[in-house]
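Asks: Mind looking over this structure? Questions follow.
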């Protein structure tokens, strides 16, 4: 029987210890995990340089046009998809980890929807940042829609999503969108006929008050010619619909109505019949793309009762809206946005999220619209919202409801109603083109690691970010509005036919509204004065 001692004596002799080699120095110091071996290029390149992965937070901006959002989605062109490929080609990600972001601890601080841009986006991960020049290599593999500002070393446990305390988004809404008299819907225009103040259909948009299919969320509208058959059919249907409405309003003689002027809805061809305004009058506005839409969004012709034969000069008949974002309008708009501040259930301001879902409850830190910016002749109101996190379409729906209230399409009480857990209503969604992610905040992380790590913020990149914002994001928003009229077309859909829930009243005390209104049904507009004349 063998003893432990016999086992020890029977073991083979130890191998000879190899000669010690002088350790190679890395270009940077780190205690991170694995190291990569890279061979420099050259005739005498015999030594190999070792590089290690570093945990970093990367700051960058992008214009979201043409992309299906930030988050990677198979089969779709996304920001993450292009950025991941650029990181691989720049040497920041090894071949075995290509397309597998979990292997390099990938995380994003915020997601953006389709077509939404960003100025202060942050992502984190473990990358090879050596040799120097990673930012330049990334730019060479990205389109001009991207701008990599730089990166900073972070702790090994850092996660751009989990460590982000707050996000700030900005929505640029044209000032004319807040004017109750601009881009009126079809029903309002027809209802004004024969009154003391007639609203003329919008000449800026070829649809002139009709709801455009897919206008909300899809900017596929183009000014194209239609066949004669289709044109005749649309003309007949339009005349039939408008004549029916006029008759319902008690107008006995359509031919004697005040809509026979060449700048109005109908034209008189000399035979006593009515025809829709020629397409050439409409399409001619596309040549004036650089003209401020505020100057001709809406036309009002004032007609004095009992004086049908009186004519006025063209300067007196055709007037542009003088609506401006003054102190009174600013105070009202900020009061409306203030209803969103705090912790609320936003299930009515997103999609596919039930009221019982805990994720429907979000906290809004602030929501303000105190400044304006003029870009390419269009004045925009800068709406800034800060919150812990946001759901899909949440900001665009919040803006949609606020604009509807400013245009007197809904009462202010609608917001409080929409924030109730037991209420389900459909609210409008503003176009995506005006929204962008402005900045992500890491306050708690910076406070904890202020003595050993760099601050994670956009302070070092403010000038470069502002330059990118003005050249790529702001100009894109203004140009899109000039060419496609995204917001202008969307405004035509803000009516009670498309959104009947806009009539919902928002006070709990309105349960007894039938008694207070002598048995009449409450619409929520008892204290809301409609716009019956142009704001001069």
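Yeah, the Cβs are placed from backbone N, Cα and C, and that goes for glycine too.
Note that TrEMBL annotation is computational and uncurated.
According to TrEMBL:
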| type | residues | note |
| --- | --- | --- |
| ACT_SITE | 113 | active site, nucleophile |
| BINDING | 169 | substrate binding site |
| COMPBIAS | 1-10 | compositional bias 'Low complexity' |
| COMPBIAS | 504-536 | compositional bias 'Polar residues' |
| DOMAIN | 339-442 | domain 'Pseudouridine synthase I TruA alpha/beta' |
| REGION | 1-47 | region 'Disordered' |
| REGION | 502-536 | region 'Disordered' |
Asks: C-alpha of residue 169 (substrate binding site) to C-alpha of residue 113 (active site, nucleophile): distance in Å?
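Replies: Distance (Cα to Cα, whole Å): 12 Å.
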Asks: With every protein chain in view, what's the tally of Cβ atoms within 10 Å of the Cβ of residue 113 (active site, nucleophile), excluding that atom itself?
Replies: 20
Asks: Write out how many residues of the domain 'Pseudouridine synthase I TruA alpha/beta' (339-442) are helix, how many strand and how many coil, based on DSSP.
Replies: 28 helix, 36 strand, 40 coil
Asks: Within 10 Å of the Cβ of the residue listed as 'substrate binding site', how many other Cβ atoms are there?
Replies: 23
